[in-house]
Amino acid sequence: MKLNHKDKKIWLIFTICFAIASIAISAFFYAQEIDGKKSKAYQIAEAYAVVLKRDFSYVTSSTATMEKLVIAENGQVSNRDFKHAAKLLKKDYVSLIELVPNGVVTNTYPFQPSGKNNDLNKVKEAKQVLDFVKKKKQTVIYGPMPLLNAKRCVVVMNPVTLKNGKFWGYVMMTVTLPDVYEHTLKSLREMGYDYCIDTNKSPLSKKKVQVESSLGKGKTFKYAVGYTFSYGSCQWTLNIAPQGGWRSRKALLLWGLMLVIDFLISGLLYLLLHTREQKEELDRLAFQDSLTGLLNRRGFLKELNRRTKLDPEQVMTMAFIDLDDFKFVNDVYGHVVGDLALKNLARHLMQVFPENSLLGRTGGDEFCVVVPSDDAAAKELIEQAVEGVQEFTAYDKKIRYTISAGYADYPSQADSIKQLTILADEALYAAKIHGKNAAKHYAPRMKRITRAQLGFNVKNVAHGLPGGLMIYRADGHSREILFANDYLIDLLGCQSYEDFLAYTKSSYDNFILKEDFAAAEQAIAQQRKEKLTDPDKSLALNYRVRTKDGRLLHLSTLGRYVEDEYYGDVFVVFFLPGDLRLIRIDH
């Protein structure tokens with residue numbers, strides 16, 4: 001379709017401007033990505049510099065070990081002792097170990113015949129380095145230098161001073177390159193990096209020479225990222241760059257994509273297609289739960305209505321499923337772990353129910369599933385989903401939880417989807433009332449259950465008790481206090497639960513008077529043993545406690561070990577009002 005001059009001009013201006021913007025944005029993203037890659041390369045260079053230090057550290061520590069031998073023998077090391085020690089210290093990349101008293105080589109391993117080069121004082125450059133080592137009393141890495149086998153080496157020089165303070169000489173180890181750090185260079189190559197290592201030959205030289213290069217001897221590469229570090233009294237620089245240079249495939253793809261968009265957006269067809277895609281994406285977001293990926297309540301009901309319209313006579317079972325004590329999981333482990341629990345539950349449900357089931361998260365920790373099958377098959381699937389304890393790992397901790405479900409059948413129990421939803425919901429609350437971790441099939445008697453019954457919690461119970469209540473960990477490692485009611489807090493003269501924890505230092509060990517602790521502990525330990533044969537047996541015990549204001553109280557208690565799915569073994573203690581002496585502790 002042809003355009004008039006005005007529209008064509010607008011189209012050309014828009015196309016050119018968009019193309020320029022595409023190039024500019026691509027160039028910006030290219031620069032950003034390259035900067036990111038260089039930053040990452042610098043971190044890698046820094047990390048591998050540490051690895052290079054570690055590669056040399058064995059040699060320097062070995063020279064230090066040989067130094068201790070020389071000092072222990074007061075400088076008179078027998079050839080036998082030297083050979084034995086050197087044999088233990090030698091590695092594949094250590095080609096030679098030498099004792100050099102006053103700059104003259106006297107002992108070598110492997111054995112080297114004596115020659116004119118044994119007196120290093122006669123070699124000018126070597127003499128200068130030896131004098132530096134002696135003066136600074138520092139270990140020095142000297143090299144690189146060529147070897148006869150076309151390889152190179154460096155010499156690690158360690159000064160030795162005897163116990164009497166007299167300078168004795170040097171311990172030297174000749175290290176073959178690149179053998180000592182070949183695994184490090186191999187790792188860099190496997191990560192996709194070229195490398196170049198430079199160093200000054202000795203502490204007396206400022207000029208750096210190339211030690212290694214993945215591109216070949218003497219070759220360097222441009223735009224490398226380098227990290228410089230000190231080791232052996234010399235400055236080392238590790239330069240790295242990606243193999244093939246700094247490239248940004250993402251920026252190239254982005255540029256190409258933006259050019260394609262530039263051409264597509266110039267036509268009305270693209271505008272219409274783009275509008276339709278936007279609408280579809282908005283529909284998806286409107287009907288999908290962003291956390292679990294399941295349908296949300298709106299999407300679930302829409303899909304359920306669509307299915308029932310297609311087949312109004314279809315037999316189905318609807319189940320409401322939720323995570324037991326979800327508020328507890330959120331409060332104890334945090335909302336991030338709570339979200340992970342919901343995602344874990346969603347995965348579990350998707351694994352249990354067949355693909356033709358309709359599954360959604362209808363709100364909070366509540367999920368809904370519609371199983372298009374007969375009552376018996378649906379019951380088996382729902383009970384399988386609820387059975388047992390679910391478990392996942394978050395931040396190196398194993399999190400356990402249970403689920404409950406209530407379900408009803410269509411059309412045998414309900415004559416409409418609305419009624420089916422009500423019946424399944426009532427069945428779920430029946431499961432909650434009857435102890436949770438259960439699947440309840442709807443029965444008419446469930447109509448008598450009121451939701452107010454679920455609002456009665458442990459705090460309400462503890463507040464109404466005619467005595468004190470405390471719960472603490474009893475797993476053998478900790479006696480951390482987990483709960484105390486207001487009666488007990490007031491009894492000890494504390495102003496609040498936080499004040500109570502501060503006074504007892506959050507531990508049951510600090511609750512009992514020290515003079516009564518041993519006897520009480522013995523009785524508690526005995527009760528724990530008896531729990532194995534009689535799990536319902538309670539322990540009656542008397543002991544004394546000191547209140548915050550200094551008063552001494554005699555308390556009578558009843559206690560029992562309980563295994564909790566979240567805290568493990570806990571001990572529940574009820575403090576009886578008055579002075580009931582059930583087991584007397586003599587004071």
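Heads up, the Cβ atoms here are built off N, Cα and C, so glycines get one too.
Annotation comment: TrEMBL describes 12-31 (among others) as transmembrane segment.
Taken from TrEMBL, the feature domain 'CHASE' applies to 119-188.
TrEMBL lists 252-273 (among others) with the feature transmembrane segment.
Look at TrEMBL and you will find 314-444 tagged as domain 'GGDEF'.
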- Task: Residue list, the transmembrane segment (12-31) vs rest of chain: Cβ under 8 Å, 6 or more residues beyond ends.
- Result: 248, 250-252, 254-255, 258-259, 262-263, 265-266
- Over the domain 'CHASE' (119-188), what is the model's mean pLDDT? 90
- Message: I'd like the per-state residue tally for the domain 'GGDEF' (314-444) from DSSP, helix first, then strand, then coil.
- Response: 56 helix, 41 strand, 34 coil
- Note on the structure: Using DSSP three-state counts, the residues of the domain 'CHASE' (119-188) come to 26 helix, 29 strand, 15 coil
